Amino acid sequence: MNSGNDPANSAPATAGPDTTNSAVAPAATAATLITNIAGLVTNDPSLGDGSPLGLIQDAALVIEGDRVVWTGESSKAPATDNRVDAGGRAVIPGFVDSHSHLVFAGDRTAEFNARMSGRAYEAGGIRTTVAATRAATDAELEANLTRYLREALRQGTTTFETKSGYGLTVEDEARALRIAARHTEEVTYLGAHIVSPDYADDPAAYVDLVTGPMLDACAPHARWIDVFCEKGAFDGDQARAILTAGKARGLLPRVHANQLSYGPGVRLAVELDAASADHCTHLTDADVDALASGSTVATLLPGAEFSTRARWPDARRLLDAGVTVALSTDCNPGSSFTSSMPFCVALAVRDMGMTPDEALWSATAGGAAALRRTDVGRLTPGARADLALLDAPSHVHLAYRPGVPLVARVWRAGVASDG
Ligand SMILES: [Zn+2]
């Protein structure tokens, strides 16, 4: 949008009235008022209805540059040069997808088809993607990443984390992180995704590589370090060694924990003050107590359970214990090939015991907490202008109308694009 004075580029608004006036001023510098919002989710409990969502009815919001500078009731909104009429629809913070694996090549359609058809499938799994990723050029990997980012943006995702983990050599892991870092500041080093097939006979030597030369090559390009703590991947002692080495290099820990079985991952995450323990599908009472007593967010990834017909994580149990819960896609070509946060919200409400309000909070403010960010996941003055206009009068429709493309327009750092 904001296509200047060239009428050929002025796509007509397809959903509701839109009176944006931006003939000369660049969108990212002029103030824009978005008004006639039926329900504005701010995630600030001091605003609106006083709930965790801080829901303001009949609301307006002002963007200036890449920031939100005002939110409140539309009747009190200040005058601005530009004005967007939301047409009585809902506005939410942009989704914060705090867990994805988007630097990869190849495809695992056959594996998914076999799994869903009840057939055995040999030679599948992460190794398939590792082989395809190693064989791809940098340009192919970046084009693939960019494609999925555009797809996610159209569905309202304005902040995302992504990982390495399909290279498993020093050079292939480092290049994955270099490519990711061109698109997000939330880059995670996951050399410890699985033991590299090259080290199948000597996992200890692979841990030495991950904590040594590979870490040296990867640390400059990443903010986070992650490990898949699971039977068949890395045990508790190996995971502790890997995360501790990363912390010593200034990386912040997060953990793939307790996805496929009970294990030490969640308690290790809390012990090391990881920002997030991700999956949390198999939890003992001690695991839940540990999460409730620490500052580690439990990030639930229902796309993985959906795509593998696995048991759902119990969000209700975590919320009732006082744990901070995030929702994320886990977008990857093997076990959760969805980039859709609205889909995850719908699953969380339908199958994981979350209310529609809780699920939306977890997909926005919860994701921000899982990335230890305070500038995204909320719509209050000073926050980044990341928001989604829904083709619906309420955010509840995200779960009420599953599978429907409800995101009409997205603003990311103040720049608009149609959904
Ligand atoms: Zn993952």
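Even glycines carry a Cβ here, placed using N, Cα and C.
Site annotation for Fe(3+) in TrEMBL covers HIS99, HIS101, ASP330, and the matching candidate from HIS183, HIS221, HIS256 is HIS256. In TrEMBL, the 4-imidazolone-5-propanoate site is described by ARG108, TYR166, HIS193, GLN259, and among SER335, SER339, SER340 the residue recorded at this site is SER335. Filtering ARG108, TYR166, ASP330 by Cβ distance to ligand 1 (under 6 A) retains the following binding-site residues: ASP330.
Of all the binding-site residues in the list HIS99, HIS101, HIS256, the shortest Cα-Cα distance to SER335 (4-imidazolone-5-propanoate binding site) is found for HIS101. Taking the Cα of HIS256 (Zn(2+) binding site) as the reference point, the closest of the binding-site residues TYR166, HIS193, ASN332, GLY334 is HIS193. The sparsest Cβ neighbourhood within 10 Å, among the listed binding-site residues (HIS99, HIS193, HIS256), is found at HIS193. Taking only the Cα positions, the spacing between ASP330 (Zn(2+) binding site) and HIS193 (4-imidazolone-5-propanoate binding site) is 13 angstrom. In this structure, ARG108 is the one among the binding-site residues HIS101, ARG108 with the smallest number of other Cβ atoms inside 10 Å of its Cβ. Those same-chain residues not listed among HIS99, HIS101, HIS256, ASP330 yet with C-beta within 8 angstroms of the centroid of the Fe(3+) site C-beta atoms are SER100, LYS163, ASP278, HIS279, LEU301, ALA304, SER328, CYS331, ASN332, SER336.
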